[in-house]
Amino acid sequence: MAATLPLCAALRSPVSSRRFAPIHKTDVPFQFNVVLSPFFGSVAIGGRIFPRLPAAKQETDQDEVGFDQQPSQELAIASACLVGVLTGVSVVLFNNCVHLLRDFSWDGIPDRGASWLREAPIGSNWLRVILVPTIGGLVVSILNQLRESAGKSTGDSHSSLDRVKAVLRPFLKTVAACVTLGTGNSLGPEGPSVEIGASIAKGVNSLFNKSPQTGFSLLAAGSAAGISSGFNAAVAGCFFAVESVLWPSSSTDSSTSLPNTTSMVILSAVTASVVSEIGLGSEPAFKVPDYDFRSPGELPLYLLLGALCGLVSLALSRCTSSMTSAVDSLNKDAGIPKAVFPVMGGLSVGIIALVYPEVLYWGFQNVDILLEKRPFVKGLSADLLLQLVAVKIAATAWCRASGLVGGYYAPSLFIGGAAGMAYGKFIGLALAQNPDFNLSILEVASPQAYGLVGMAATLAGVCQVPLTAVLLLFELTQDYRIVLPLLGAVGMSSWITSGQSKRQETRETKETRKRKSQEAVQSLTSSDDESSTNNLCEVESSLCLDDSLNQSEELPKSIFVSEAMRTRFATVMMSTSLEEALTRMLIEKQSCALIVDPDNIFLGILTLSDIQEFSKARKEGNNRPKDIFVNDICSRSGGKCKVPWTVTPDMDLLAAQTIMNKHELSHVAVVSGSIDAPRIHPVGVLDRECITLTRRALATRMYLLNSLYL
């Protein structure tokens with residue numbers, strides 16, 4: 001892109017409006033024929049003649065505008081490997097801390113999951129079962145309050161205190177997740193693992209002061225490392241980063257990440273998986289039971305299981321949404337403090353665990369119990385499995401809504417495993433043992449096979465990661481026979497959940513537009529920058545943030561003026577008529593025009609406000625707009641058109657914003673070369689709307705990536 005700016009500068013006329021947008025890099029090479037005439041000083045393109053700037057000017061533009069250089073591939077790859085190592089070590093420490101806290105909370109109960117609570121007398125354990133999750137919720141509530149306090153900025157984004165707070169926030173969140181899971185609350189560790197990887201990626205990128213593209217690629221690598229180290233499944237981690245991070249961003253911005261992002265993701269995932277295997281052992285997250293697939297005729301049964309898991313996934317999503325709305329309503333309408341809800345969440349889990357102890361988080365050992373992999377542990381009946389599906393959905397949704405910290409992967413696998421096992425037992429009973437069905441020739445697989453497929457189908461439906469779900473189960477089972485049933489069930493589940501999600505999103509969008517139509521019309525006539533941004537949020541909901549996040553948006557030091565400035569702008573000369581100046585502003589949809597001389601030397605800025613003030617002050621004369629010139633307006637305004645403050649493309653956007661705020665400027669010209677040079681050429685315009693949109697888009701993207709809880 002850096003090389004396209006001098007081309008645009010060379011093709012523009014100094015007395016006409018800019019008509020050339022930067023040529024963005026695409027997969028298909030852009031070719032056109034250009035005829036240069038050194039004698040006549042012009043460029044011929046498609047039969048049109050454009051004045052050509054001097055060669056010295058072009059070289060200066062190339063030197064000054066070529067600031068957006070991508071970092072070396074070697075440094076990016078090394079950074080991705082470093083992210084993988086640090087993420088693997090951090091996830092190992094995180095899991096060890098969860099296990100230590102769990103053993104401390106339950107006095108070192110053997111690794112049998114929560115099945116021991118069904119065998120132990122309830123009278124001797126009921127108080128502990130209730131108090132342990134409740135105390136965990138209380139500690140998480142305190143940590144959440146500390147994290148909110150650490151989230152308040154001092155106003156200087158580069159102060160040492162703010163940097164300490166930036167490190168403290170993810171640390172406190174990780175500790176809160178450790179307490180949540182160690183005390184048995186119904187969430188999972190994979191979401192915090194992704195958060196750990198994303199936080200480490202941000203830290204590494206900040207340490208080396210790299211570009212935003214590198215930072216985004218490292219975030220994808222960190223997310224892959226988090227999943228890889230959590231499940232000891234590197235392939236699934238890579239596809240998770242592709243499905244959850246890279247594909248959503250590629251639909252909106254093709255230049256967000258680096259060309260070698262795929263290599264960075266793979267190396268980071270493999271490195272983290274190796275470190276995790278060294279620290280936690282080579283065994284997978286949960287033990288795969290013995291299973292078999294007996295007949296291709298079972299495929300319709302797996303499709304039906306996928307539809308069932310899709311409905312279960314929708315139930316979990318809707319239940320979480322409803323409980324989150326209820327918590328917000330209780331907080332706003334009833335005045336219940338947010339700090340109370342994590343305690344209520346832990347208390348609710350403890351009460352449910354008195355009857356259904358399997359809802360407690362106990363690693364993946366409860367999943368082993370569902371799949372009947374644990375020796376000397378009696379399997380659960382089909383009706384009890386269905387009850388566990390219902391109570392696990394309620395417990396997980398309430399924990400998530402109450403403010404407890406954790407992810408959705410482990411609960412989704414538990415719910416899917418329970419649903420699949422129950423389905424398999426019902427199918428086996430109906431088709432193999434019931435004499436009412438004359439289908440004895442149909443061989444039905446064991447319930448464990450349906451349990452494994454149900455886990456993947458529910459995971460795909462809840463988290464919208466179908467490829468990750470398929471590859472995760474395939475990587476854990478290492479059996480190609482499971483792929484065909486997996487693909488069918490996962491595809492059916494994803495289709496059901498994605499269709500419902502789109503319809504729900506469409507309904508919410510229509511309701512929002514109907515409710516705010518009057519506000520939108522009013523805001524269209526307003527010149528306030530915040531109104532313009534809100535209009536954009538109404539159209540593009542992916543850029544929306546709540547008010548608390550908007551207040552904390554900060555511009556990182558690595559963002560340059562070139563990434564926010566407008567490269568299309570209107571230019572006028574002192575001899576340009578007022579009518580022509582207004583026409584050029586209208587063509588470019590801007591409220592200002594840059595004043596240049598015949599040599600394209602920047603002189604000042606003409607704004608609509610200047611024209612309006614001139615019109616109000618001019619009381620005599622009947623001159624028409626075409627008889628009034630820019631020189632008349634600038635002379636009458638006492639030299640107001642001459643703006644002494646300019647910025648360069650390679651200047652920090654934060655510094656440019658400081659200049660505009662200090663001198664109360666709504667627009668500032670972006671010029672090539674040094675701002676102190678006597679002859680400077682304009683290359684862009686920076687206004688407050690550009691800064692606001694850039695700040696909000698960056699903050700939204702970072703918020704969505706760094707709050708990625710599955």
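Along the chain as shown, residues are numbered 1 onward.
Cβ from N, Cα, C; glycine included.
Note that this is a predicted model, so its numbers are computed, not measured.
Transmembrane segment is the annotation Swiss-Prot gives to one range among 193-213, 550-570, 634-654, and that range is 193-213.
Between the transmembrane segment (412-432) and the transmembrane segment (193-213) there are fewer than 3 Cβ pairs closer than 8 Å, counting only residues 6 or more apart in sequence, so the two stretches are not in contact. Relative to the transmembrane segment (74-94), the listed stretch 261-281 leads the set 164-184, 261-281, 296-316, 340-360, 379-399 in CB pairs under 8 A.
Within its own chain, the transmembrane segment (122-142) has Cβ neighbours under 8 Å at 105-106, 176, 179-180, 182-185, 339-347, 349-351, 353-354, 357, 360, 402-405, counting only residues six or more beyond its boundaries. Same-chain neighbours of the transmembrane segment (261-281): 76-77, 79-81, 83-85, 87-89, 91-92, 95-96, 197, 217-218, 220-222, 224-230, 232-235, 237-238, 241-242, 246, counting only residues six or more beyond its ends whose CB sits under 8 Å from a CB of the stretch. Ranked by Cβ pairs under 8 Å to the transmembrane segment (222-242), the stretches 296-316, 340-360, 379-399, 472-492 are led by 472-492. Within the same chain, residues 231, 233, 235-236, 284-286, 288, 293, 298-299, 302-303, 305-307, 309-310, 449, 452-457, 459-460, 466 sit at least 6 positions outside the transmembrane segment (472-492) and bring their C-beta atoms closer than 8 Å to a C-beta of that stretch.
Mean pLDDT across the domain 'CBS 1' (565-624) comes to 81 in this model.
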